[in-house]
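Inspection log for the structure reproduced underneath, given as structure tokens.
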Amino acid sequence: MNDVDATDTFVGQGKFRGAISTSPSHIMQTCGFIQQMFPVEMSPGIESEDDPNYDVNMDIQSFNIFDGVHETEAEASVALCAEARVGINKAGFVILKTFTPGAEGFAFACMDSKTCEHVVIKAGQRQGTATEATVLRALTHPSVVQLKGTFTYNKMTCLILPRYRTDLYCYLAAKRNLPICDILAIQRSVLRALQYLHNNSIIHRDIKSENIFINHPGDVCVGDFGAACFPVDINANRYYGWAGTIATNSPELLARDPYGPAVDIWSAGIVLFEMATGQNSLFERDGLDGNCDSERQIKLIIRRSGTHPNEFPINPTSNLRRQYIGLAKRSSRKPGSRPLWTNLYELPIDLEYLICKMLSFDARHRPSAEVLLNHSVFQTLPDPYPNPMEVGD
């Protein structure tokens, strides 16, 4: 399967899970389509070959991302995209493809005109782009996307990043039923990335399949650090602001409670569920794009899990406890038992156990990435994990 096939798969389904920036004033956010799009074949998205007939304005209009927005704002965004393209060309890169605009700016598949190396360049004026550059400069780990370099053009910050074959969102669409060993290999890479980040006082805050990049199950990395929070005290929960994606956010983050690295564990649990079942987010509202409000999302989690009152945070000042515990009083499920949603899926017992632990309603009961990696299911995997097949074959 080629690059376009994977993208078309998800555009056709109309599944859009928008990330929420900590500064919700960007034009993309007012339009409801706010995806970070930096590796090849990011999903869901559109792409266009960089040829003499390519028209950024027509590209954006055809995707209707500016419906209901004043025309001058659309024109301003088109102008910024054009400015980014000029800056990239002046920096010595040939633009091969233009990806769908994201919350923080624009992304392009490029080739270094001197070395012929294929890369992805993210260009943006917003804080998230600068935040990502700051975070990535300090990180070196095989499961974390590596920053190759940065440059500026006028007021734009541009990140030079490696180009991966696809993201996990598209990969799951192409593969459908992954072997358990591949699922565990991918999840191991994600958990290793989280262990590394948390040990370095960083919370990602937007772990989801769209932000996990893959060449094959043994070559996987976590990227898109525009929502990252740092430095944090990994031993004490605090409220660092609201960010991420509603469909994959943890209950405490949705409730605006103090939080810590456990928010990433919840989101990684959603990713594991998606790999194990081939379904979109367990707590994504049917018929919607995931951009519903936080209150409805929390209610959905409680209802589908059958959350028991004893599974709520014990802190009496917790927003989650104060505002939502009443919804759980009719639950007949025993606290600590299998959540109700497990009755809908036939999951291998080890995968179900991991998912349930990672999706513990009370963040105190979610294992750390280090603890999860010590589970026996990961110990039997080859390390490094071999490439069983080419992505898209």
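Including glycine, each Cβ sits where the backbone N, Cα and C put it.
Copied over from Swiss-Prot:
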type	residues	note
ACT_SITE	Asp206	active site, proton acceptor
BINDING	Phe99, Thr100, Pro101, Gly102, Ala103, Glu104, Gly105, Phe106, Ala107, Lys122	ATP binding site
DOMAIN	93-378	domain 'Protein kinase'
If you measure between the CA atoms of Asp206 (active site, proton acceptor) and Pro101 (ATP binding site) and round to the nearest Å, you get 18
In the domain 'Protein kinase' (93-378), averaged pLDDT is 92
Neighbouring CB atoms within 10 angstroms of the CB of Pro101 (ATP binding site), all protein chains considered, total 31
DSSP-derived class (H/G/I helix, E/B strand, else coil) of Pro101 (ATP binding site): coil
Across all the protein chains here, work out how many other Cβ atoms are within 10 Å of the Cβ of Ala107 (ATP binding site). 29
